[in-house]
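Single-structure report; data block below.
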Amino acid sequence: MGMRIVRESPYRVRIEREGDMRVPGVVFASRALLPDPVTDRSLLQVVNVATLPGIVVASFAMPDVHWGYGFPIGGVAATDVDAGGVVSPGGVGFDISCGVRLLAAGLERAELSGRVLQKLMDELGRAVPRGLGRRAVWPLAGRAQLERVLAGGSRYAVEQGYGTPRDLERCEDGGAVGGADAAAVSARAMERGLGQLGSLGSGNHFLEVQAVSEVHDEIAAKAFGLGPGQICVMIHSGSRGLGHQICTDHVRAMEKAMRRHSISVPDRQLACAPAGSPEGRAYLAAMAAAANYGRANRQLLTEAARRAFRGVCGTDLELVYDVSHNLAKIETHRVDGTARRLCVHRKGATLALPPRHPDLPEDLADVGQPVLIPGSMGTASYVLAGVAANPAFNSTCHGAGRLHSRHQAAKAVSGRELRDRLEGAGIAVRGASWRGLAEETPEAYKDVDAVVAAAEGAGLCRTVARLVPLGVVKG
DNA sequence: ATGTTC
């Protein structure tokens, strides 16, 4: 595979356009973080995405890029909707609207004794349904109520008493994506969604109690409601079986429709359809529904965490922000000096709105959007902020990025061993399965500090605060 | 990520 890679700056390389590529590839990575094009398939995936109909500017990869289904995880691709640009379910991923929310407690690290932390973790462990299966904080009454969740997201959850109107001001899209249509969601996806609302899931999903260890930008941190030593809760979860089923259903439908649209792709996992075609619109409507399910899910998990904090510590949790890192959005951007309507796919890439962006709440206009970066288990997490002149359609990294497969990880360490190591380091662990724990060993991930430094160095965002884990409830 | 294989 002879791709030509040119380093343009310490945190940016270009993959030269050749063959069927419509645009070049651009990878934001230091030398150390750049995947090996020979042993790692993720740069080949960046090249494959560059062939998609309607793609503009470049096929981008964030510093935490790794191999995924069709598109790389850590990929950003924008297509011109009014020029036949496509939408691809593989460009969003199976866990539609997977994302992160951060809550700030009215409590400092010094005020949380080891004994109280253990009690809090026990309570959170009880209150947070997790792992594979069908348990939920909110068992829905039936299909009609699920349809209201799919249309209203966190907004509907708050209307039903799960949270406060203030929460919605700190949610991307005000807590609900427009254009959701339950008619585009299969009966099977609906069935899977009925019993899982308010559950963490498995894999890299978690709920952590964290403390702010470093403040890099005092003004932005203050605007976000964060200070040194502050106790926080970070929730990383998505749209569970419902989002997964929607992805499966629409990949299948697009595979069938591609020939009719005269589209051919180098990898069948890149199945896609013009964003304006019936198949493209159906996917976008179902994707929006799954996005709203994912947001409502994190809203429900928030309420579970709030109950635990009130019960054990007598303190409340204020929402800092909720942002997705697996989503496609129709956005307007200037391309070659002209405003274009683009379908921006972010898969393992986080929206990072700059200061003054109209979608920001008023009180964050001066500092930009909070960007929440979950680290691997036992390592730091970050709060970043969006910056002006982002070169990748207002996107940045989404996490540490996997380095080794789940299988490799589980071979390297046992779950019990890992739990003991984390507990020994003062991190309380409430897991779901030993195998799941082992698969998430931090050795299987890139260095989140290096990923964030690269993202900042590449001009994708700026660092606001670093957080360290005190306790983890693991899916 | 995922009722971890339609």
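Every residue, even glycine, has its Cβ placed from backbone N, Cα and C.
As written in TrEMBL, here are the features:
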BINDING   A:ASP95, A:HIS205  Mn(2+) 1 binding site
BINDING   A:204-208, A:325-326, A:374-377, A:SER381, A:398-401, A:LYS474  GMP binding site
BINDING   A:HIS236, A:HIS325  Mn(2+) 2 binding site
ACT_SITE  A:HIS398  active site, GMP-histidine intermediate
Which binding-site residues sit within 10 Å of A:ASN326 (GMP binding site) - Cα, from A:ASP95, A:HIS205, A:HIS236: A:ASP95
Long-range Cβ list for A:SER376 (GMP binding site), cut-off under 8 Å, min separation 6+ in sequence, same chain only, gives A:ASN204, A:GLY399, A:ALA400, A:GLU440, A:PRO442, A:ALA444, A:TYR445, A:VAL448
Whole-Å Cα distance, A:HIS398 (GMP binding site) to A:HIS325 (Mn(2+) 2 binding site), is 6
Tell me, which binding-site residues from A:HIS205, A:LEU207, A:GLY401 are within 10 Å of A:HIS236 (Mn(2+) 2 binding site) if we use the C-alpha atoms? A:HIS205, A:LEU207
Other C-beta atoms that fall within 10 angstroms of the C-beta of A:ASN204 (GMP binding site): 23
Sort out the sequence-distant neighbours of A:HIS325 (Mn(2+) 2 binding site) for me: same chain, 6+ apart, CB within less than 8 Å of its CB, listed by position. A:CYS98, A:GLY99, A:VAL100, A:ARG346, A:LYS347, A:GLY348, A:ALA349, A:THR350, A:LEU351, A:HIS398, A:GLY399
